[in-house]
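Taken from Swiss-Prot, the feature DNA-binding region applies to 40-104. Annotation source Swiss-Prot lists compositional bias 'Gly residues' at 8-17. Residues or ranges marked as compositional bias 'Pro residues' in Swiss-Prot: 22-31. Taken from Swiss-Prot, the feature compositional bias 'Low complexity' covers 271-301. Here Swiss-Prot flags 1-32, 224-247, 271-313 as region 'Disordered'.
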Amino acid sequence: METTTTTLGGGGGGRAGGFSDPPSPLSPPLSPASAAAAALANARWTPTKEQIAVLEGLYRQGLRTPTAEQIQQITARLREHGHIEGKNVFYWFQNHKARQRQKQKQQSFDYFSKLFRRPPPLPVLHRPLARPFPLAMAPTAMPPPPPPPATTTTAACNAGGVMFRTPSFMPVATNNASYYPQQQTPLLYPGMEVCPHDKSTAQPPATTTMYLQAPPSSAHLAAAAGRGAAEAEGHGRRGGGAGGRETLQLFPLQPTFVLPDHKPLRAGSACAAVSPTTPSASASFSWESESSDSPSSEAPPFYDFFGVHSGGR
């Protein structure tokens, strides 16, 4: 069985053995006034309403970080409304600035959050129902339209309207106008006119000039009527009148042409003259009897249409 022996040595051995140093002597006790002052200094500051109102008024005036001299002046002023220290004034300004910055940041964050989350609705303007103009200023009737110029004549349909338009016409072409196209109209031949060969006359065709003219008026109608009458009279002269026309049979059984007395022709000869320049074609045919010993030249010639005398060829 082993025994443990403890060796007592100097101060170093006592610390090593677990013994502590002797306690230091206590500070002298405080007086009751000093103890009360220390308790007030360590106590939490509770500002009164008057002190808060004075400090907020200084902050609104632009005071943010007061100097040491300003802190002393403010502390002396606030002590009239309750207990306060200089450090309380300094910390109040620091905390109030931080709270204001935090409040502004929160307001900005809330504003942009609402803006991005859902746009605000468009404002609706509520207007009371009212007339476009007062009753005293309301016109009783529409003003009359301005009168047209004295030199122009307006259409009858625009007499009571608000728009007046002057009639315009194309200029009337002159006889020697070079910029109007001239062309010949085709001549129609309604029927074949038969007349003796010696009475056929060759006349130049009548050309018709077409112009772009203005709308018909009394002067233009009169001129057109005069031209139509002149042309009808000219055609009557050239055609020899309605009494000189004959209607030929499609398959005649007897000779239809008569030889002229003063102009003998050979047997079997045919003379057909058609004038292409006249508006109506004239044709004359003359036939002589096949037998040269005809007793009389006055007898009508005979023409074998069906080839009886020639053997049916």
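A Cβ is built for glycine as well, from the same backbone N, Cα and C atoms used for every other residue.
Give me the local environment of each listed feature.
The average per-residue pLDDT of the prediction over the DNA-binding region (40-104) is 91, rounded to a whole number.
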Is it possible to list how many residues within the DNA-binding region (40-104) are helical, extended or coil according to DSSP?
45 helix, 0 strand, 20 coil
